[in-house]
């Protein structure tokens, strides 16, 4: 089937063509012309770019009319049909032969070669050589603004000026004024076998019907004009025998049906249809007026600016059953959304469906870099995952971005049809290119998005992903292919000698912008997000700033608390004549992070702490530690005093000094420091390092490797790698220490809150309802819980309706000594159970007591 179409979009690999009646088709890059196809084959064979081969965007522009022939209709996986077209003159003009050629004929041609005096044109007629002089192409080239010459493969609307040697040689013109003035006549001997779309003819109205008209033209041809192609200004005034100017739209090869248009832009050959303003696409219109309804097709509307629009029958209601014909009488108004524009019909395509009106995305232009979108998995391929974001919008999730970690078998995690939440890494509407990521660290990030170099202001902190780790540092990429360098000295607070062992491709990290040069597209970054001093460095010993070093690392002393501060305790060392003042950071009060905070809460000024170990003296203050595991390691000589003593495979007791996005720095007694990279932190996959470790936490890592030249140590914190031979004995020792500290905490807290001995999980209380909150939870009071905040969540109120002032029985579920909060339940099934003995640690909540 031959059709007249209008180029809608141009990409490197295909042309999108607007066809009559709101349809669209696609011309692959291989269906341009013979000459262009040969250049493509030559370039592929040679493996290098050919100077004479131009890209499709260099030769074609949206809005240009072209003659097409349907080559196939393909059905996609989701049931949609795709019309494949060709504009190759050999296929479009296959009905013509050299004897049928006549002066004044208008047909399609394609540039074969550039000669000294003009161009050789392929018009698809065997045995005919067509020549286009430079003079006949000058005004066309100037108006086209795509270079000084026509290009091989360029499609042209050619007018035959002269025919020589019985059609073996023809002279052509593409001059715009000559082409526009051309009109098909009987003398040109057109037949049904070679009639071409795009021909402008004089026609006579034979019959006028509600859905269109029947015309006769070129003496014995008959054609149809449907309602969408009647001139809207004259649609009510056409009458039989009226002579009109018309343009051939399509010719069906088997039925010989010819369709024409009476729309003004097509009534001069080579005309250009009107475009829809870009801002109108996707617009939601509150009131569109029905102009006409056609029960087999749909409805025509008039929009607020006078533009006509058409809604297909299936877009007038959610389902056929919910459709009401009475709602589409002339003059009725409806809310609709512009979903497309048919260039060949000069009409907007609209939808009245609620889900389309409310849809977030209708076209690629609606999507912006950094948007979080919901999609459906369409396919899984080696290059990545194809995701459907909306009707007509598909994106690719590269294999690197299927997860925070590289997936070797993504089909085990994702299935076709799964709903996935993605983030847009790159969107190119012109090329219909949409790149997405499924990395949770990026999808859930609340930090600013860097989508161009101008966005990267010094000091900005954001998320990026590693694409390269080498000796010089790391290359980190952001959105829209923006990338920057993290030099070696900015990889962490401690020097890293082998970045490729610490970082991996695809790893998501927080980075800070140090410097940006947008014009040069250069970006300098750092993984060191802050240079703020740690808690230890904030405290300065005021009584004696420069103290004489009296103690050795590992020495045990007794201390008295002088002052409690937010991040630790200021203490004086007992039995010291000089009243030496020292500092115990809160996180050095215990091996267990949670009990450290409870101990700080329970201790008071004047309390004496026995057996505290001297840890370090940096010249300004003395640091002490009460960590039992660290003290035991030093006393049993299971430590290294210098770098030279470290050997791979050693298990060393230390504490977390710094937690970075790429790993954890661990410090040991005597000042030796090592790094546990993110990949070696846990047997489970690590998304965020802060979810696994905190500063001050006691750990027992294993030495992986050492760099003697740089004096750097790489560590392993995986539990499976760090257990010693007698792991059961170690675990019981840790449990014993943990419960011993809990008993100590309980005794300390009793001084301020005696009722803590009574409030234990499982205890039954008589309470009075104080308040019922908006979220359904309730607040209670009672004599046995004075000084505590007693709460029951909505779930633990059960089916009971309560009101302030009522007395209720409740069961203690959990006691948080730090916040002085008690959580209770009123559920009957819990209250009826027999009381069970409760372990001491339940008083203080769930606390992790395992060391790495």
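Note that the numbers count up from 1, one per residue, in the order the chain is shown.
Every residue, even glycine, has its Cβ placed from backbone N, Cα and C.
Copied from TrEMBL, the annotated features are:
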type: DOMAIN; residues: 1-88; note: domain 'S1 motif'
type: DOMAIN; residues: 104-175; note: domain 'S1 motif'
type: DOMAIN; residues: 198-263; note: domain 'S1 motif'
type: DOMAIN; residues: 282-353; note: domain 'S1 motif'
type: DOMAIN; residues: 370-439; note: domain 'S1 motif'
type: DOMAIN; residues: 459-528; note: domain 'S1 motif'
type: DOMAIN; residues: 649-718; note: domain 'S1 motif'
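Highest Cβ contact count with the domain 'S1 motif' (198-263) among the listed stretches 1-88, 104-175, 282-353, 370-439, 459-528 falls to 1-88 (criterion: pairs under 8 Å). Residues in the domain 'S1 motif' (649-718) partition by DSSP class (helix H, G, I; strand E, B; coil) as 9 helix, 31 strand, 30 coil.
The stretches the domain 'S1 motif' (370-439) and the domain 'S1 motif' (459-528) are in mutual contact, each linked to the other by at least three Cβ pairs under 8 Å (pairs 6 or more apart in sequence). Summarising model confidence by region, the domain 'S1 motif' (649-718) averages a pLDDT of 87. Taken residue by residue, the domain 'S1 motif' (282-353) breaks down under DSSP into 7 helix, 36 strand, 29 coil.
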